[in-house]
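Some notes on the structure that comes next.
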Amino acid sequence: MHSPRQFLSRVGLVSKSGLLPWCARKPPGWSQPFLSTASGGNFTHLAAKKYQRGQESQKKPSQDLGPLDASWQERLADAVTPLWRLSYEEQLKVKFEAQRKILQRLESYLQMLNGVNMTTATPKSEGLSCILLPIIPSPVISGYRNKSTFSVNRGPDGNSKTVGYYVGTWRDRNIVCVHSHRLKNIPEKHNQVAQYYEIFLRQSRAEPCLLFHEGGYWRELTVRTNSQGHTMAIITFHPQELSQEELCVQKETVKEFFTKGPGAVCDLTSLYFQESTMTHCSHQQSPYQLLFGEPHIFEDLLDLKIRISPDAFFQVNTAGAEMLYRTVGELSGVNSNTILLDICCGTGVIGLSLARHTSKVLGIELLEQAVEDARWTAAFNGITNCEFYAGRAEKILPQLLKSKNDGQLIVAVVNPARAGLHYQVVRAIRNCRAIRRLVFVSCKPHGEATRNFIDLCCPPNSAKKLLGEPFVLRQAVPVDLFPHTAHCELVLLFTR
């Protein structure tokens, strides 16, 4: 049998130990923690490069961005949207193959763990034991993002008040901030707001904050839009040693620019200002201050009117999200006799969209603002069988499952960030007999979520307190929410 390290080396998931926030020491039985391949590339990037090499002699670049040796725009496109040169049909082939390879390697290791002879295991589809369905394409291919975050730093001309996306890395100290107006995934409205924020910065006497210890004030810009054309802008500002009176002057200046000055052409629905002394602050750590306009934007999705706060999670591709959530609903198999457990629920869209098909929905989300949005959405849409809890899932879930220990079957849906689920959440799901069906939505299945899959499916392990019956991976559906990039959502159905 191959060791975990041998398997992970093959898959490309071995990195330095001790980097998982929940892993203070090496887990029993593992020679190395499971980590993502963010620093060393991933299957999709590798497959894309291999596929491109095979296509170069047949196909020219799909867009002319000028001389290769002078085009910052092309370098940015290659960094942010590495598949932009391929047709969308070709992109889907690359992504599907990447997901198939991830599942193939995962299955082979799980089979070894469970003592299955891989030479006699019967593949069901695509050389896999689970059923891998065709990739679901995004209904919108260009300008699909409803949220974009722009950085402020030195541009190709050396101007430190440039607003855009980064080329280069901090490690190599070669960061250059490049305008994003030719990125295929960014809508024109987002680029327009970024352009006028740059105009504002260049006429402001206050310097940008490039590195915290070097001073400066103006930082990143986040733009959120909805399908009705409403636009929310959020400006992050490092207060340094400014007094409240001086801060008020800066807030009034930027407000004036976007309401009565040149920035008024952006027609913002709302403008927020956040004082932040860290890389990222939640609303609880540093409240978002509404300078003008509506406090929320709203989106229509799956027959629901959904409220979205400044920092609430909402899938960046609205049309694609509808395809994703319909897929989750179909795989969940909920009915009037089941409870739906929606973990990492964001604004609650998955649970709320399935509420009429199940007896009760229990949602857990870290951000208080997102939970308030979910509760508002439930009330506005007349949904009365949903409860939402704000806090860390690893703290809330074990107690919640104990309180619901009445024999009713539970269907769990999890949609974590790229870091995957906390090990205590996986343990609670694994050890809850009432959970017979689990739908796992992963935006990075080749990363740290791999450990989650293995802990869900491995034989019982008393040392890791994984005592419940193991899950079996039954079905996988790739859903593309990120055209032109290497990313793809993978929806996995586990049962037991």
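Quick reminder: no glycine exception, Cβ is built from N, Cα and C everywhere.
Sequence annotations record features per position, and here TrEMBL assigns active site, nucleophile to Cys443. Sequence-distant neighbours of Cys443 (active site, nucleophile) (same chain, 6+ apart, CB under 8 A from its CB) are Ala417, Arg418, His487, Cys488, Glu489, Leu490.
For Asn415 (S-adenosyl-L-methionine binding site), applying a Cβ distance below 8 Å and a minimum sequence separation of six or more within one chain yields Asp342, Ile343, Cys344, Cys345, Gly346, Ile350, Val441. If you look up TrEMBL, you'll see Gln315, Glu365, Asn415 marked as S-adenosyl-L-methionine binding site.
Among the features that TrEMBL reports, domain 'Methyltransferase' is placed at 335-410.
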Open item on the list: Test of understanding: give the count of other CB atoms lying within 10 angstroms of the CB of Glu365 (S-adenosyl-L-methionine binding site).
Closed with: 27
Open item on the list: Max CA to CA distance in Å over the S-adenosyl-L-methionine-binding set Gln315, Glu365, Asn415?
Closed with: 15
Open item on the list: Can you name every residue in this chain, apart from Gln315, Glu365, Asn415, with its Cβ inside 8 Å of the center of the Cβ atoms of the recorded S-adenosyl-L-methionine site?
Closed with: Phe313, Phe314, Cys344, Cys345, Gly346, Thr347, Val349, Ile350, Val441
Task: Secondary structure content of the domain 'Methyltransferase' (335-410), with strand meaning DSSP E or B - done: 33 helix, 17 strand, 26 coil
Task: Cβ packing number for Gln315 (S-adenosyl-L-methionine binding site), 10 Å threshold - done: 23
